Amino acid sequence: MIERKDVQNRQDTKWPPRAVVWTGFNALSQIGTRFAAMAALSWLLPPSDFGQFNIAFSIAIILATVAQLGIPTNLICLDGIDDKSLAAAALLAAVSSVIVAGAYLASVWMLFSESGVSISQVLYLFAPYVVLQVFINLLEALSRRTFAFKALAFCELTATVVGNLVLAIVLAYQGWGVLSLVAGQFASASLQCIGLLYICRDFVGLRTNASELRRLASAGFSITIAEAANIATVHVQRPLVGIQLGAAAAGLWGRFYQIISIQLTCLVQPMDKLLLPALTRRWSDVAKTREIMLLAIEAVSLLTIPISIITAFASAFVIPIAFGPAWNGLILPMQIASITFFFRGVDRILLSSARATGHMRSRAVAQLVQLAMVLVAIPMAAYFGLTAVAAAYVGVQVLSLVMMIALFCSGTKTPFRHVVVRMVPGFILGAASLALGLMLMTAADALITWGAVAATMLSAVTCVFVAVAVRYLPLSPSMREIVRKSIAGVDRSYRLSRRSS
């Protein structure tokens with residue numbers, strides 16, 4: 001028995017940790033499958049179909065975030081989670097999601113009475129998705145708590161390939177229109193829910209008690225407000241743009257968010273998924289938490305700022321080639337708003353910090369302020385077109401980032417300048433990428449497309465070179481040692497979860 005435990009310990013201490021490996025695999029597989037589905041469907045369906053789908057999907061995601069009552073975050077952060085906890089979470093989520101979905105259906109019925117395949121019918125179809133998404137969020141949170149990253153990776157990959165890629169493309173080719181997107185999303189979510197149930201099978205039970213219900217629902221108000229406002233800030237813009245500029249413009253703006261979301265899924269979300277479960281086990285050590293979060297901000301800046309510059313250069317030739325000429329109206333807004341990848345990346349890390357350290361009340365207030373700015377700025381900018389919407393969104397993100405950093409500094413007793421200093425290497429790398437891209441595009445004025453290609457390739461090579469240099473030549477004091485200690489902490493939490501299971 002001792003020998004088997006020693007073998008298990010040796011397997012768990014391999015470098016890099018398996019939690020990191022499988023989270024990275026999940027990110028790369030998701031970016032490949034989602035971009036393939038996005039490109040193929042763009043040639044089969046017009047932007048207006050995507051606009052109808054995006055509006056309904058955004059509303060469903062916002063309602064699901066409200067209906068989950070902050071329970072997924074509590075499943076990660078609270079101690080003593082067992083089968084009674086999952087039963088209590090499922091009961092609370094079922095009641096709240098059914099109430100929210102019923103109110104949503106009643107609202108749609110009162111507002112719309114059109115016939116045929118229209119936005120009203122797409123809104124009707126997404127009512128059950130609210131319930132399905134709530135249960136997916138619950139089960140995914142429990143899987144993250146147990147560090148089941150390998151199973152999560154294969155579950156999400158299978159669901160995306162079967163639903164969003166294969167089924168949606170086949171139905172779109174058969175002429176289903178916007179219904180092909182709806183069917184693909186439902187199939188993907190259903191498969192993901194089944195897979196997550198299998199992953200969490202050891203926690204599935206029917207017994208619970210009132211104290212467990214109160215424990216999971218307690219302190220959930222601030223989390224619910226913060227998460228719902230955060231999701232609404234992102235997703236409410238598509239309905240606002242659709243109301244002002246029509247379904248086609250909503251489809252273009254929704255495509256911008258899909259591209260940014262793919263980048264977040266590949267580069268920032270893995271860090272977020274690893275940090276939150278690990279930090280909740282050690283959040284009382286404020287100094288260590290502060291150093292880990294500063295390191296995460298520096299890493300996100302190094303990745304997101306240059307890639308935002310690359311995205312701005314590449315959009316001029318990638319969008320017509322990948323999506324078709326119908327999507328050319330996305331090029332200029334994409335070039336303006338690509339920098340929001342950096343803003344959203346840092347904001348994601350700061351949200352994890354607020355969850356882990358329990359500072360959700362101030363975060364909720366800040367998220368509501370950010371949502372109010374979006375609700376005011378986007379409709380006003382929409383009168384001047386999609387390009388003005390992109391510019392207004394950048395302005396809102398700048399103000400919001402300053403506000404979120406100020407909250408982080410206040411909660412962790414970190415000087416504001418320390419956070420800014422950690423972002424400087426990313427801005428230097430972004431400026432270098434911008435300068436190289438402009439030089440190459442100017443030199444290739446007659447062949448502007450090839451100039452953009454060359455600029456993109458050289459910028460990517462520069463990013464890789466600097467990323468490798470960071471591995472051996474730290475850009476901040478003791479960065480290399482901090483990286484090792486941070487990932488070692490994640491690995492220790494992973495090993496402890498494996499032993500306890």
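Including glycine, each Cβ sits where the backbone N, Cα and C put it.
Taken verbatim from TrEMBL:
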type	residues	note
TRANSMEM	20-43	transmembrane segment
TRANSMEM	55-77	transmembrane segment
TRANSMEM	89-112	transmembrane segment
TRANSMEM	118-139	transmembrane segment
TRANSMEM	151-173	transmembrane segment
TRANSMEM	179-199	transmembrane segment
TRANSMEM	292-319	transmembrane segment
TRANSMEM	325-343	transmembrane segment
TRANSMEM	364-384	transmembrane segment
TRANSMEM	390-408	transmembrane segment
TRANSMEM	420-441	transmembrane segment
TRANSMEM	447-470	transmembrane segment
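Counted over residue pairs separated by six or more positions, the transmembrane segment (325-343) shares fewer than 3 Cβ pairs under 8 angstroms with the transmembrane segment (151-173), which leaves the two as not touching. For the transmembrane segment (364-384), same-chain residues at least 6 beyond its ends with a Cβ under 8 Å from one of its own Cβ atoms are 222-223, 225-226, 229-230, 232-233, 236-237, 240-241, 243-245, 391-393, 395-396, 399-400, 403-404, 407. Per-stretch counts of Cβ pairs under 8 Å to the transmembrane segment (118-139) identify 55-77 as the leading one among 55-77, 89-112, 151-173, 179-199, 390-408. Under 8 Å from some Cβ of the transmembrane segment (390-408) lie the Cβ atoms of residues 233, 237, 256, 293, 332-334, 336-337, 339-340, 343-344, 346-347, 350, 353-354, 359, 362-363, 366, 369-370, 373-374, 377-378, 380-381, 414, 416, 419, all in the same chain and six or more residues away from its ends.
The listed stretches are 55-77, 89-112, 179-199; of these, 179-199 has the most Cβ pairs under 8 Å to the transmembrane segment (151-173). Residues of the same chain lying 6 or more positions beyond the ends of the transmembrane segment (179-199) and with a Cβ under 8 Å from any Cβ of it are 37, 41, 45, 49-50, 53, 56-57, 117, 122, 125-126, 129, 132-133, 135-136, 139-140, 143, 148, 151-152, 154-156, 158-160, 162-165, 167-172. Cβ atoms under 8 Å from those of the transmembrane segment (55-77) belong to residues 85-86, 89, 92-93, 96-97, 99-101, 104, 119, 122-123, 125-127, 129-131, 133-134, 137-138, 140-142, 144-145, 182, 185, 216-217, 219-224, 227-228, 231-232, 235-236, 238-239, 242, 247, 250, 254, 276-277, 280, 355-356 of the same chain, restricted to positions at least 6 beyond its ends.
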